[in-house]
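Peer 1: Quick one: the structure is below, and I'll ask about it shortly.
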C-alpha cells in the first residue's frame with residue numbers, strides 16, 4: 001500500500017475518534033435538539049478524482065451519520081450556476097462554475113442529530129490551507145488543496161440544507177441514485 005494513503009487513512013481514523021466525542025454526555029445536557037436533521041454533503045471533483053470518496057464515506061459512517069441518499073453525477077455549467085446562484089456576483093464565480101463542472105461529484109444526504117453542525121465540524125474551514133493549520137484532522141485539511149478545491153461541500157444552515165437537498169433529490173433524473181435504510 002502507498003505510504004501516503006496509509007498516513008491519510010490513519011489520520012481519518014484519528015479524526016473519527018475525535019468526532020465520536022461529539023456524542024458524549026455533555027451534549028445531552030446542553031440545550032441541543034434530539035431530533036434528527038438532514039444535511040447535504042458533496043464530494044467535489046477534486047475529491048472524487050483523488051479517490052477520497054471511500055475514505056470520506058468511512059469517516060461519515062464512523063462519525064454517526066446515516067447516508068440516506070446518494071448520487072454520483074457530472075454537473076453541467078447551468079446546474080452549477082443555479083446551485084451556487086448566491087455567488088453569481090462574486091469575482092470567483094466563473095472559476096467556481098468551471099471547477100464544479102470539471103468532473104463527477106458525489107452528492108449525499110446525511111442524517112443524524114445535529115447533522116449540519118457536526119458535518120461542518122468534520123469538514124473544517126472552507127479554505128483547505130487554513131484548515132491544515134487550524135483543523136489539521138478535518139477532511140479539508142487532509143484532502144483539500146486550496147480555497148476552491150477544498151474537496152467537500154456542506155450545508156451551512158437548516159434552510160440551506162432544505163434548499164440543497166431538494167435541488168438535487170426532488171428532481172433527480174440523471175446519475176445513480178441510491179437510497180439507504182442504514183449504512
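Glycine too: its Cβ is placed from the backbone N, Cα and C atoms.
Feature table excerpt (TrEMBL):
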type     : residues                   : note
SIGNAL   : 1-30                       : signal peptide
DOMAIN   : 36-176                     : domain 'Nucleoside diphosphate kinase-like'
BINDING  : 44, 92, 120, 126, 140, 150 : ATP binding site
ACT_SITE : 153                        : active site, pros-phosphohistidine intermediate
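Looking at the shown structure, what environment does each listed feature sit in?
Peer 2: Helix, strand and coil counts from DSSP across the domain 'Nucleoside diphosphate kinase-like' (36-176) read 66 helix, 31 strand, 44 coil.
When other Cβ atoms within 10 Å of the Cβ of residue 153 (active site, pros-phosphohistidine intermediate) are tallied across all protein chains shown, the result is 21.
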Peer 1: Pick out which of the binding-site residues 126, 150 has the most other Cβ atoms within 10 Å of its own Cβ.
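Peer 2: Neighbour-count leader: 150.
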Peer 1: May I ask for the distance between residue 140 (ATP binding site) and residue 153 (active site, pros-phosphohistidine intermediate), taken between their Cα atoms and rounded to an integer number of Å?
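Peer 2: Rounded to a whole number, the Cα-Cα distance is 10 Å.
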